[in-house]
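What follows is one structure encoded as structure tokens, with my remarks underneath.
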Amino acid sequence: MAALTRNKKKGSNSQTPPLNKQTKASPLKKAAKTQKPPLKKQRKCISEKKPLKKPEVSTDEEEEEEENEQSDEGSESGSDLFSDGDEEGNNDSDDDDDDDDDDDDDDEDAEPLAEDFLDGSDNEEVTMGSDLDSDSGGSKLERKSRAIDRKRKKEVQDADDEFKMNIKEKPDEFQLPTQKELEEEARRPPDLPSLQMRIREIVRILSNFKDLKPKGDKHERNDYVGQLKADLSSYYGYNEFLIGTLIEMFPVVELMELIEAFEKKRPTSIRTNTLKTRRRDLADILLNRGVNLDPLSKWSKVGLIVYDSQVPIGATPEYLAGFYMLQSASSFLPVMALAPREKERVVDMAAAPGGKTTYVAALMKNTGIIYANEMKVPRLKSLSANLHRMGVTNTIVCNYDGRELTKVLGQSSVDRVLLDAPCSGTGVISKDESVKTSKSADDIKKFAHLQKQLILGAIDLVDANSKTGGYIVYSTCSVMIPENEAVIDYALKNRDVKLVPCGLDFGRPGFSSFREHRFHPSLEKTRRFYPHVHNMDGFFVAKLKKMSNAMQPSGNDEPAVTMEQAQVSSSDDDDEKAEAIEELEKPPVASGQPKRESNTKEDTNKRKNPRSKEIHKGKRNKNTKTESGNVEEPRKQKKKRSQWKNEIAQAREEKRKTMRENAKETPKHRG
């Protein structure tokens, strides 16, 4: 009963203040009721009242629960309290709308309002508190977001102002360095950032020299090209010959892309051995071992590209079992162009380490015969090991010079030949950076001479009458034109062959002209591959079809020469050269000694008719009979003296002069 009377007193007290306040309300305050209270002021008043009366609210709630259990009067008083709380909440919002001058009056009125407000339901208080907390948190986020927005706007404005200032200010035009500046640079260590900036400016100007050349600059295009050569040589480490050749082959913008691509490593690729497994099965196994890989490309059905691996890719159980071969993507191309068929006779003239040979064996399904030739003995070990590991059983390994294979296997004895010729390696600089400085013009000439001999030997091996074959594929890992297009053009002029499409859907066509050289128009059927375009090593591929077994093209005026006749003529020239050298090496005859009688009948016959020796031996007889039985007339040819013969003739003449002088001086000494 004590609790009941206490609540009744509180209820009566809570009802009186609103009545008094309504009577005392001024017309200004009534007008302010219709307006929305300021958000900041309302938050301030509520936050100040909340902590003062929290303990009283909890005790009143317990007493109200007891009243509800005992009688119905408690429920009526609770409803009155609930309604009073609503009225007082409205009055409290009215007080918040007062001006700053009436702060003291608001504080006095707030005390009874706070009691009545807190006597309300607990749910209302909790919701109000959560709203306050969310409002305070939201206000902080809003302030932060506004600050960030202001900062961004300021940065954008500053950037715009700076850009406008740069437009107004006239930029300094690029000028080539003078001779004095270049000499000073040579004395100092290389300044790589300044070199890079100069290279960019020169490339930009050379890309459109007519329009971008600085006004008033008297330098010509060659001056800019010369400076670019020097800067690229010092920045990337190339010798002047190699960088000069690349500048002549490519536009300057593409040249920079090529050089930058040479500085990056090519992705690792592997080839599935279809003799033992399938690409899908191999990929699943390697993925389970932690190898991140993907199919190589649409043009290859057996290639996989490896991004990274948790295990050494060249030491997995699958590698040792011969399920795949570590092989660059560019090495797939010559074999794909060769397209060998089953039960054919194929020659790989430079087979080590066996990547292409094992690919050919897989395409032939271990049928037919493959002659895997390698001239260098140390490389035969890796070739034989890979053949055994990959399960190849149709291959014969041989160790000959590629130029001598026709003597071993016979002329026109095979269906297809793959010649991946030794070259300068200018397409694989990313693997061997020593190529930048080690290769010179003489090296390119030596490689080109060897390649011309090898391709003629490869053509002579192929049988033009083969029902399924008669093809030769020539490839190099070089980008130099003398090693690629010039070699193919030489083969077209010296053998009865023609170029056919390589069967590759991508790649750039070869050069049909370069500098003063003009090649056969069909050289556009060859294919070039570059690292900056195809993301593989620089490579060249050409495919030839042998039309006849003649040694020279049918269109030439000179008759076709067989292999035996060519060997005889070369051996005869060697014999003549050896005889001339022996004669020069003979000691001069002393003046007191009698001269040897060398004017025999045989010697006189040799001097009168130097080809009598050849006719006597029967090696060369021009009056040969044709198939019809008629004797051909000897062909009149102009005598061409080679350089070594001229040197020998000069040496002989000098020797004769010295002998004459000695013969004239001898009688004077005797007298």
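Glycine is treated like the rest: Cβ placed from N, Cα and C.
Record note: among 28-35, 372-379, 428-435, 28-35 is the stretch given as motif 'Nuclear localization signal 1' by Swiss-Prot.
Looking at the stretches 570-577, 594-601, the one that Swiss-Prot records under the feature motif 'Nuclear localization signal 3' is 594-601. Between the stretches 463-470, 551-558, 639-646, Swiss-Prot puts its motif 'Nuclear localization signal 4' entry on 639-646. Cα spacing between K356 (S-adenosyl-L-methionine binding site) and C477 (active site, nucleophile): 14 Å, rounded to the nearest whole number. The two recorded residues, D401 (S-adenosyl-L-methionine binding site) and C477 (active site, nucleophile), show a Cα separation of 20 Å. Residue annotation for S-adenosyl-L-methionine gives A350, A351, A352, P353, G354, G355, K356, E374, D401, D420. The furthest Cα pair among them is separated by 20 Å. A C-beta separation below 8 Å, combined with a sequence spacing of at least six in one chain, links G354 (S-adenosyl-L-methionine binding site) to A372, S382, L383, A385, N386, L387, M390.
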